[in-house]
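Input: one structure, supplied below.
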């Protein structure tokens, strides 16, 4: 606190000659966090994947993740092998794989974005196609065949030569009515049709163009005028047959040579037309035994089912793969799925599918006995809906660094994911049981449900959306926890299976607890086994679960409800252990009534109001519980609620111990606890964060600055920072010791959830409306970041991390960024202050060892002097040459002596120069009266050199004071003593000086007078310091005395 007396301001707060730094320019990004990469994206867009065989052993599948491409290897289990760099300036709209390259079209001129087509090879950009200057439409499809590269836009087709990549021509499709020439069905080519492409139009026509001449050859009309627009085309393995699907639902196999339909199927509906077709080319799959050719797969972007057709004998449905892909949970009940593309791999019984649920799957036909429906082979996926909560996995009892590797995330798609930040292939979704088997028992996947309209999807069989995650690995048994088949999320009240508890006691039990949206049950998970746990805990009042917590020992889970109840369960046995406040027994009820009768006495009332006291069974929250915390020693439970109260409960008894009431001033929306500093932070609805010390239960910090609702916040790993993400799309970092806002940066979209890794390396954040999780690295692990207060004007808009990691930085790259360090040094130049005030005695910054060595230089030299003459080495064997010490080699000694004499001359010359510098600075200071330059030079000398210089001081010739170095040295030290600077150095130098030149001083009157002046100032300063030290000692003794 500053001094309250205006007549006596604190001298420690004065800063003389301070340089006022100019206001820094607006920040370009974060000073602490550097973008790293984005995890969790596989196929989040509607752009179809591209496949290409890699030799005869495997296939590579390439998907679009916005502005980058990801390539997976099928033989390695869809392992990620390439991510393209650089990322495109705009979102990718079409892809195509040809030979060793992958082509990607990006941009939409209608939105003011640039456009282009880039070619990538092994993740690197190798070529770029030049687009026509008048192209103002996005490219929807790319096709490469023969010597041509063809790109299909909305109403025009661009053609390039594949050899030179030069633009060849542009094909325009004419329209009879406005909009009829829109190319809704895309383009395709057929074998044996040289230089020919087939173009599907909105009016149902299929045009055949020669790309070499740029002429329209023929037009295939729809079977009837009500078929609608063309939605998809695919050539069949049979020559001259083309599969064409229409928006009204029909699908025809058309003979291009005879212009006649060979087969017509009702493969889709007007609400869900077929948008993807593929044919099996391995010669099997059809017929009753699956040994005939002629299998076709169809899918729609408005449904998640894949239908398999046997085209023999007029065509029939062989089977339907129900819910191959599921939609995001916010997509609505009418939309049952979304598949962007299905494709049979060439010559293989494998089907690849990609969906709108951010997943890529491979299916194989190898069931025995024969089944027309394939089984899942590989899958790569992520969240199908935006992420709602994040948490880094804590370290386990062995001290492993799992807390820095694994990131838990819960999304609106009802899934719980564990992301590996080291190896992408290890990321996995925690299993919720065999969903497809459960769906078959319920009849959801039966064929009769196709005509019933809206049906239940596989997502509906999962647990509701996760809103809160709590974890502790101290009791996690890893992959061996609870071996064998166990029940999943048992909601029964009878949990008396002691054998289960005994087994879990030796192998470990659940380590993750989650709360779910609009659900009264909290659920447990096995992290080691990556699956759902045994228990489902219900809130005590039956209201929805609002928040969960888990003890650091991993044995107890706490649930808070929207009605205000708090319940504790044992994770090993699944039994209910405590309620906060605890339920009263009949004896406790009677005792409480007796206390209420006694409280009518006036004396009892006075005693009651003299301090806080809470009756047993009282103190329940009256509104939604928003946060729960258990201290590391399991002694107390802290809860906060929207009723504006913070309550401290006894862990064992469940009784209320203390309470902090902030109502009606504010409501508490969340809390975070850091066990290292024993501080707990609360976010409030007034857009502030308050920090409370659990030991004193007092508010020690309040952080303001958020302009909108605080979505999420967390402590840093060392408890020094608080990082908060608010609805104004700004992430702010406050420093707890200084209360300064030391960093802030703005994103394009608000951040809904953040998490800090336990090692401090990463900050994870989930943005609104996006499926991926952004990762930033922490620069402060390898560089210093000043805790300077920044203003709102310095907050700049930055781009988040990318999937490819382009523009991002690893920890070392971010830490040793030269430009940032230079900018900080330029903007944050600290003022150099030698002395805070002229009334204060200031010590020097010279190390203590230096001036102490000067005081005892004689003793040190005496101690280091050799005790005896060096001995000759023992005679070595005759075959080894002598190293030295041979007296017979007189010429060598003479040469060494001559060299020593020469060396001594050089040393004498350097010594003379040094003495001239010392003397010149001393005489210059005597002439000007300013000895600062001389004192600074003397402070920089090492002890041995300073001792030599002091010994070399002389009185000069005669009584001339101008050349009397001893007199000038005494006056230099006197001036330093008057300035009250370098007190300990002045005393050390004067001690050595008097010891060396005491005899000369006693013989000179001028030196005695100068020394008397120095002694007068010394006594005066000594008395002043003694009085100040005595006064301070008396005040401290008075305050520490028990009598006062």
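Using the three backbone atoms N, Cα and C, a Cβ is placed for every residue, glycine included.
Straight out of TrEMBL:
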DOMAIN    61-366  domain 'WDR36/Utp21 N-terminal'
REPEAT    618-659  repeat 'WD'
REPEAT    703-744  repeat 'WD'
DOMAIN    834-1040  domain 'WDR36/Utp21 C-terminal'
Residue list, the repeat 'WD' (703-744) vs rest of chain: Cβ under 8 Å, 6 or more residues beyond ends.
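Distant Cβ neighbours of the repeat 'WD' (703-744) are 30-33, 389-390, 669-670, 672-674, 676-677, 679, 681, 683-685, 687-691, 750-760, 763, 765, 785-790, 792, 794-795.
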DSSP helix, strand and coil counts for the repeat 'WD' (618-659)?
0 helix, 22 strand, 20 coil
Excluding the flanking five residues on each side, which residues at least 6 beyond the ends of the repeat 'WD' (618-659) place their CB within less than 8 Å of a CB in that stretch?
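Sequence-distant neighbours of the repeat 'WD' (618-659): 546-553, 556, 558, 560-566, 568, 578-582, 612, 665-673, 675, 680, 682, 692, 694, 697.
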Can you give me the average pLDDT across the repeat 'WD' (703-744), rounded to a whole number?
93
What does DSSP give as the helix, strand and coil breakdown of the repeat 'WD' (703-744)?
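Across the repeat 'WD' (703-744), the residues distribute as 0 helix, 24 strand, 18 coil.
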